[in-house]
Structures are given as structure tokens and as C-alpha cells.
Amino acid sequence: MTHNHDPYSDAKELAGLTLGKATDYQAEYDASLLQGVPRSLNRNAINLTAESLPFHGADIWTAYELSWLNAKGKPMVAIADIQLSHESQNLIESKSFKLYLNSFNQTKFDNIDAVQKTLVQDLGECAQGQVTVKIIEPKSFGIQRVVELPGTCIDDLDIEVSDYDFNPDYLENSTDDKQIVAETLNSNLLKSNCLITSQPDWGSVMIRYQGPKIDREKLLRYLISFRQHNEFHEQCVERIFVDLKHYCHCTKLTVYARYTRRGGLDINPYRSDFEHPGESHRLARQ
């Protein structure tokens with residue numbers, strides 16, 4: 001269970017981030033612009049250790065504003081799909097990622113493979129973990145799809161809400177042990193706030209589980225309770241996963257959130273104890 005105490009207020013690892021500060025934009029390649037945040041900051045607070053994580057998965061990023069110069073100086077553009085392993089020591093702070101990608105804008109690369117290899121090397125070094133990068137060229141833009149999350153949307157439930165403070169206790173006594181089900185639910189009402197700037201982060205979340213049937217109204221109240229909660233996207237998804245395992249006793253569980261983009265980047269954390277992410281397709285709000 002993950003009650004809302006603040007593990008971040010004294011975290012020296014956050015003090016040096018460019019996030020929330022005035023920033024000069026560099027247009028020439030500089031890998032040092034990337035900044036990582038230790039995953040342990042959040043995981044310690046929800047009683048997780050790197051040696052015994054209850055899930056696997058990835059932080060799935062889409063970079064829509066990737067541009068560089070080819071060997072002749074002509075601008076090139078692409079989209080990048082990036083997957084960062086859940087086992088990496090650090091998550092990548094998104095503003096630093098944006099600044100890093102901007103540094104490609106006036107930098108010459110011999111070919112697209114050189115761009116891909118540079119991204120893999122730099123992101124892996126910052127995150128201290130495994131990274132995969134797929135670069136999508138303009139000739140393939142037309143096949144990029146907009147999809148809906150799988151499952152049954154719970155947002156039309158007619159509930160009255162007056163409390164918007166994060167509270168995992170909404171999941172207390174939320175299951176029916178006499179009904180063992182396998183189902184997929186989703187909501188577009190996920191909103192949290194940036195840990196540093198408190199800017200709103202808008203997202204949709206899919207929950208696929210097997211186990212005692214979860215009361216959908218209680219689940220929706222729980223998700224709505226993130227509305228004024230300050231935490232990075234990746235941390236929110238891991239918190240949801242841990243809370244559902246604790247309160248709802250899911251025997252199998254996947255939590256997959258897709259957040260709207262900011263600065264040309266969207267972040268889509270995926271955590272599961274029984275399946276792996278498939279192709280990454282954006283939602284309408286992304």
C-alpha cells in the first residue's frame with residue numbers, strides 16, 4: 001500500500017535537474033544534457049527493491065521532434081520509438097531528454113544508423129540500463145495509427161466525487177472473492193502533476209488483470225485520486241501496480257499508461273507480471 005507521504009522533498013538527486021528552471025537551448029550535439037533520476041527514490045517509498053521487483057516492462061517514449069543534418073547539411077526529420085528497461089537504474093527526466101534531442105538539430109550525422117546508435121549509447125549511459133531505439137522515417141509516417149486502449153472504459157460510471165487527494169484506501173474491500181475474472185479495463189481520466197513543476201500530466205491507463213473481480217466504481221475513485229498527486233509518470237504507474245496487487249490480490253496484472261506529449265515527447269510506462277508490450281500506437285490525445 002502506498003499512502004501519500006513525500007519521499008522527494010529532501011532528495012538531492014532532484015536538486016540539479018533543469019526541470020522548472022530557465023534554460024538555454026543548444027542546437028549542437030551534447031550528450032551531457034541528459035539527466036537521470038534514480039528509480040529507487042520512488043521504489044523505496046512503495047517498498048520495492050531492484051532485486052525483487054514484482055513486475056517487468058519498459059518506459060516507452062515517442063519522440064516526435066527528432067531532426068538532424070545529413071552529411072551534406074540538409075535537415076532530416078523522423079519519429080523515434082524508444083523503450084527503456086524497467087530494470088535501468090535511472091529513469092530519464094523528460095525536459096533534459098527534450099534539450100538533448102534539440103542538440104541534434106544543427107549536428108551532422110553520416111546516416112540514420114549513426115543517429116540510432118548515438119541515441120542508444122547516450123540514453124543507455126544516462127539510464128544505466130538497456131535501451132532500444134527504432135527510428136521511423138517520413139516514408140512510414142502514413143502507416144502510423146491512432147488507437148484506443150483495449151478493454152472496457154469505466155469513465156461513464158455515474159459517481160459523485162468530492163475528494164481529489166491521493167488515497168489508495170479507495171481500493172480497500174474493493175474485490176469480490178466469489179467472482180474470479182480475467183478482464184481488461186481502461187480510463188481516460190488519469191491526471192497527475194509533474195513532481196518538480198506541478199504542471200498537469202494527462203493520461204489514459206489500461207489495467208488488465210486476473211483475480212477477484214474489482215469494483216469498478218472504487219477503481220475509478222482511486223484513479224481520480226491521482227488528480228493532485230505530484231509524481232513522474234513512471235512512478236505513478238508503479239504505484240498503481242503495487243496498490244492493485246496489495247489491495248485487490250490480482251494473480252496476474254498489467255498496468256499501461258499513455259500520457260499526452262509535452263515538448264514533442266510522450267511517455268508510456270508499461271508494467272506487467274505476465275506479458276510484454278506490443279507495438280506502440282498513440283492515442284487520439286497524443
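Glycine too: its Cβ is placed from the backbone N, Cα and C atoms.
As given in Swiss-Prot:
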{"type": "ACT_SITE", "residues": "Cys194", "note": "active site, thioimide intermediate"}
{"type": "ACT_SITE", "residues": "Asp201", "note": "active site, proton donor"}
{"type": "BINDING", "residues": "Ile92, Glu93, Ser94, His233, Glu234", "note": "substrate binding site"}
{"type": "BINDING", "residues": "Ser94, Lys95, Arg262, Gly263", "note": "NADPH binding site"}
Which residue among the binding-site residues Lys95, His233, Arg262 has the fewest other Cβ atoms within 10 Å of its Cβ, if you could check?
Arg262
Using a 10 Å cut-off, grab the number of neighbouring Cβ atoms around the Cβ of the residue listed as 'active site, proton donor', all chains included.
24
Far apart in sequence but close in space: which same-chain residues, 6 or more away, have a Cβ under 8 Å from Glu234 (substrate binding site)?
Arg39, Asn42, Asp59, Leu91, Ile267, Pro269
Winner by Cβ contact number (other Cβ atoms within 10 Å) across the binding-site residues Ile92, Glu93, Ser94:
Ile92
In whole Å, how far does the CA atom of Gly263 (NADPH binding site) lie from that of Glu93 (substrate binding site)?
12
In the same chain, outside Ile92, Glu93, Ser94, His233, Glu234, whose C-beta lies within 8 angstroms of the Cβ mean position for the substrate site?
Val37, Asp59, Leu91, Phe97, Phe232, Ile267
10 Å Cβ neighbour count around the residue listed as 'active site, thioimide intermediate'?
18
Residues Ser94, Lys95, Arg262, Gly263 binding NADPH per the record - widest CA separation, whole Å:
9
I'd like to know which of the binding-site residues Ile92, Ser94, His233 sit within 10 A of the residue listed as 'active site, proton donor' at the Cα level.
His233
